[in-house]
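Novice: Can you keep this structure in mind? I'll have questions shortly.
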Amino acid sequence: MTKVELAKLRTVIPEMRRVRRIHFIGIGGAGMGGIAEVLANEGYQVTGSDLARNAVTERLESLGAHIFVGHSAEHVNEASVVVVSTAIKQDNPELLAARELRIPVVRRAEMLAELMRFRHGIAIAGTHGKTTTTSLVASIYAEADRDPTFVIGGLLNSAGTNARLGSSRYLIAEADESDASFLHLQPMVSIVTNIEADHMDTYGGDFSKLKATFIDFLHNLPFYGLAVVCVDDPVIRGMLPEIARPTITYGLSDDADVQVLDFVQTSNRSRFRVRRKDAGELEVTLNLPGIHNALNAAAAIAVATEDGIGDDAIIRALAKFEGVGRRFQQYGEFETGRGKAMLVDDYGHHPSEVKVTINAARAGWPEKRLVMVFQPHRYTRTRDLYEDFADVLSKVDVLVMLEVYAAGEEPIPGADGRALCRSIRSRGSLEPIFVATPDDVPAVLAGLVGEGDLVLTQGAGNVGALARRLGEMKLSIESMKSGA
């Protein structure tokens, strides 16, 4: 799309014509950066700040955004509006300055809601699978020449970005329940993949409040909108009588409106049938492993079918889907000095996400020894789901445990990496290896990993950078000892 074509798209939100400069505090995150990219391409002057540059900020700078490293009150001067991420603390100098200057301050989801207000919004929520499902929906719509705008929480590999401004009325976006801010969204179609206990501090530790918030999210749909929900999830199944909107269910269950059948996985590819009520069956090849991804694809198929997208476009999009960054992302093989090992990186940081990732690895490569490098994410999550983590992590062959990635939290006694190691060790099936930092992992792996192993780096913190490093290194005990 040329700059002239992009400039014409600014008329998409004429009601925001008084807005000149939009400033993002914490612009380097995938969610914030994605919205900033769409707005920059619409022609708005975008500025932002973060503690360090990264791939997101570099891409935004290439689009003309001005990025500040560090936070300072003067950065918000002359801003029309300030957008803040949930990670920003109340004493941030830019946030304080914006309030003193009476500049409107909105959360990320509020700005996303404004982008969606004048479009046909498709919002994807759920504890797990949001990013992949959003990416699958966006890929199908792109394959069908619907040219959607999308904002995704991870890098869509085929597009090389996590956000794109399209020329059509469609906006496909990931909806974040972590701070309940997804209630700002008013889409035409909403998907809910599953509901489990996570981010419980937001909901006062009350799971019933979390469920009620998801129902409120679905009721933000107009009466003529569409809810697409996974009936396999017991919480969602129990909520069905309370959802007062047109609803399509999907899943493995016989009573699903869109049912996945005959799932078979071979390495990284999956094949299955999809039975659709009133629309016939599809034979699907999905370029992703794991039955959980077949369910994500079923949600995307349900939305696309309901919107009149042809079967050929659906089948093509799923077969050539290139995946999402840090979602079972394969880095090929790397040398260990004891042979070649397969390297995979995954963002999953909830016990259920870790479980399905392990299952996908076992199903696709059953002959390989599974070596996991796991980094817990947040002390509160580790505390709340402690036994679940210990159970699922006991299922790998070799476990290298990192310390908890705090994400701004204070340590909680008994909810750290060493404690998890002790609990796993007490189960008697595995002897975990504790490593304090990702920088120390290569030396440990040099003495552990051998020919034919599958090394899986797992977690939402900085363990993702470790996978990229390993892919570029030739590990050997000698090189690690010499500091090479």
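Even glycines carry a Cβ here, placed using N, Cα and C.
Features from Swiss-Prot:
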- Gly126, Thr127, His128, Gly129, Lys130, Thr131, Thr132: ATP binding site (BINDING)
Novice: Residues other than Gly126, Thr127, His128, Gly129, Lys130, Thr131, Thr132 within 8 Å, Cβ to Cβ centroid, of the ATP site?
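Specialist: What remains near the Cβ centre is Ile124, Thr133, Thr193, Asn194, Asn296.
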Novice: Look up Thr127 (ATP binding site) in the DSSP assignment and report helix, strand or coil.
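Specialist: DSSP call for Thr127 (ATP binding site): coil, neither helix nor strand.
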Novice: Do you know which of the binding-site residues His128, Lys130 has the most other C-beta atoms within 10 angstroms of its C-beta?
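Specialist: Sorting the candidates by Cβ neighbours within 10 Å, the top entry is Lys130.
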Novice: Which residue, out of the binding-site residues Thr131, Thr132, shows the minimum number of other Cβ atoms inside 10 Å of its Cβ in this structure?
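Specialist: Checked Thr131, Thr132; of these binding-site residues, fewest Cβ neighbours within 10 Å: Thr131.
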Novice: In sequence order, which residues at least six apart in the same chain have a CB under 8 Å from the CB of Thr127 (ATP binding site)?
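Specialist: Set apart from Thr127 (ATP binding site) by at least 6 residues yet with Cβ under 8 Å, we have Glu177, Thr193, Asn194, Ile195, Glu196, Asp198, His350, Ser352.
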Novice: Across all the protein chains here, work out how many other Cβ atoms are within 10 Å of the Cβ of Gly129 (ATP binding site).
Specialist: 26
Novice: Near Gly126 (ATP binding site), which residues of its own chain have a C-beta under 8 A away, given they sit six or more steps off in sequence?
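Specialist: For Gly126 (ATP binding site), the qualifying residues are Thr133, Glu177, Ile191, Val192, Thr193, Asn194, Ile195, Cys230.
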